[in-house]
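Below: one structure, written as structure tokens.
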């Protein structure tokens, strides 16, 4: 957990691509701008009447877009701290609003069973996508292709081809909007957007659908408590697999931008992380009293945000700093299966020991014993029950060009730290602390003591 911000129920979240900011839209109609590093409220925007559900930062301009239960889409300039204009056309609650990554478009999904594409420069609706027969809970642009994915309570996920819209609105000699109806059909009978695929497989309403950033995959989450993975090509789309484990409605599901993982959250008060290749849960985070509603991934950093009944949390899935320990002028750290030593005075950085093979997980924690020149290295896999620690005595005459690989002693435990010259404490799987000493070691002859 990086930071927790407690406010009213957060309906949607959006990371700023460069600054340490996050927008949150609240059930009371307020939009808040937070600095998630400092956990401070920077600004708030209050013009919607009723809950605000959609929110999105523009990737280049100082803009964000919002959509609310007042049927209004608003485009804001956060530098000017005001709403620039309002887009009208939807006839019911607006669920999501997103900017296109390249074109001057906004995509909105609504309970009026339609999806609309707006040109925010001309401030007009350029296309209406119809076909769902229940509330449209989510609609998103594809990150690189002329596609839209939508999720609806009619139990379907739809993929739309909007290449016709791009050609008409952005190419030289394009057909002007005056000769087209608001549905995107012009006088010559060609359509700007057509349904490419209809994905059926959920047994209840679908709350969320999202494209994979680089692969032809879609993830969806629904009230049937399932997270489904779909694959598509030019001619068809089909269900690949289902991740089961949530025991209430799945509110949101997203692909990890850089790893083979899926994150989902639910009204069962949990966030789950799934291995895409194994289709199994690898991590679960829970809150005691708050249902989760939304997930957002930072476009560039290893950061995620989740909105719940009591506010939001910003978190990382894994630590980015290596395990290290400092003694005097020496820094010990692990890199590429070697224990290295950095002298602060001379800036000399050498490998002092090669670690034993057998663990594919990175070292999570390190504790150094200067009296015996020994280290405890703790690994922590996604399943904490399998956590282990290794005890090494660092060779006295280390060859930095060809360092030795001394035999380590491995035991189970969540973490271990030195508490005296000849004993250390271990946090075991039951989260109780036990004292320990190295067994069968010539270096440590003292008996057990209190940890």
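First residue shown is number 1, and so on along the chain.
Just so it is clear, glycine is given a Cβ too, placed from its N, Cα and C backbone atoms.
Over in TrEMBL, the protein carries these features:
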- 45-86: repeat 'WD' (REPEAT)
- 87-128: repeat 'WD' (REPEAT)
- 129-163: repeat 'WD' (REPEAT)
- 199-240: repeat 'WD' (REPEAT)
- 243-284: repeat 'WD' (REPEAT)
Long-range neighbours of the repeat 'WD' (45-86), counting only residues six or more past its ends (CB under 8 A): 11-17, 23-33, 92-99, 101, 106, 108-110, 118, 120, 123, 299
The repeat 'WD' (199-240): DSSP-derived helix, strand, coil residue counts: 0 helix, 25 strand, 17 coil
DSSP-derived helix, strand and coil totals, residue by residue, for the repeat 'WD' (45-86): 0 helix, 23 strand, 19 coil
Rounded mean pLDDT for the residues that make up the repeat 'WD' (199-240): 97
